[in-house]
Amino acid sequence: MIEKIWSGESPLWRLLLPLSWLYGLVSGAIRLCYKLKLKRAWRAPIPVVVVGNLTAGGNGKTPVVVWLVEQLQQRGIRVGVVSRGYGGKAESYPLLLSADTTTAQAGDEPVLIYQRTGAPVAVSPVRSDAVKAILAQHPDVQIIVTDDGLQHYRLARDVEIVAIDGVRRFGNGWWLPAGPMRERAGRLKSVDAVIVNGGVPRSGEIPMHLLPGQAVNLRTGTRCDVAQLEHVVAIAGIGHPPRFFATLKMCGVQPEKCVPLADHQSLNHADVSALVSAGQTLVMTEKDAVKCRAFAEENWWYLPVDAQLSGDEPAKLLAQLTSLASGH
């Protein structure tokens with residue numbers, strides 16, 4: 001229902017307009033306060049890059065963060081990552097992730113980023129505290145990438161990158177809750193790079209698509225072509241589950257059942273195993289896999305995806321960030 005409201009297909013969005021106006025008024029006032037220096041943002045001693053979005057829901061932001069961290073690491077840059085840690089609840093903040101940190105503590109996306117990149121990752125509702133925690137333990141870190149947080153103006157930033165769903169884009173264009181917008185589309189004029197996940201990019205936007213890899217078994221780490229798996233039940237607890245189901249079909253998989261889950265939804269063995277009958281194979285997103293690995297069964301697999309950016313702009317962006325991180 002919410003997708004129909006945000007896309008404008010359902011007229012119910014009109015009933016929510018008063019709340020949207022209030023949301024827009026408050027969010028605009030907050031940004032203006034920081035712009036006029038009525039509120040002061042904390043500036044880190046090293047460059048900060050924000051990877052965020054203008055809309056609620058899945059835009060491919062986390063794959064962009066992983067891509068960015070890995071690309072900078074390949075260039076010899078030491079990167080730290082901070083996040084709010086949505087879906088997690090730590091005993092205290094900031095929380096610096098380790099091999100023992102669970103998604104219940106830190107949230108699924110920070111754990112995924114930590115496992116994929118090996119970069120220092122810290123979570124806190126106050127992102128400046130997360131930055132300080134990383135620098136205290138890893139003083140050699142040269143640049144911070146913040147996963148989400150475009151609207152978290154308490155943390156000063158040097159570069160802003162926005163990820164957009166190229167198919168859904170901005171829906172009906174209204175602020176939450178009548179529409180999907182956290183900020184209006186005009187905000188794109190002030191950011192440094194716009195990365196468009198799928199669809200048809202517009203002038204000045206960087207095209208991106210998500211390239212699926214081989215399916216990975218949660219228990220053994222065995223890899224195989226996902227099309228070899230039979231009697232597949234697909235689950236996806238991401239911002240836009242239909243994208244994952246479409247990816248499976250593109251890979252030649254025709255799931256017997258597709259189960260969309262809420263983004264950041266907590267998972268347990270009883271609930272997940274109940275989705276699969278005898279002889280069926282469970283295939284999930286990598287984001288779900290980090291929550292299920294501890295109690296996975298032998299027929300549970302995940303399909304990782306990697307961001308692939310096209311054109312000349314990605315190289316220019318990476319050169320800019322490498323120069324910033326190197327201090328010249």
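Cβ atoms are placed via backbone N, Cα and C, with glycine included.
As recorded in Swiss-Prot, the features of this protein are as follows:
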- Thr55, Ala56, Gly57, Gly58, Asn59, Gly60, Lys61, Thr62: ATP binding site (BINDING)
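Listed in sequence order, Glu109, Leu112, Ile113, Asp147, Lys287 are the same-chain residues six or more apart from Thr62 (ATP binding site) with CB atoms under 8 A from its CB.
When the neighbouring Cβ atoms lying within 10 Å are counted for each of the binding-site residues (Gly57, Gly58, Gly60), the highest count belongs to Gly60.
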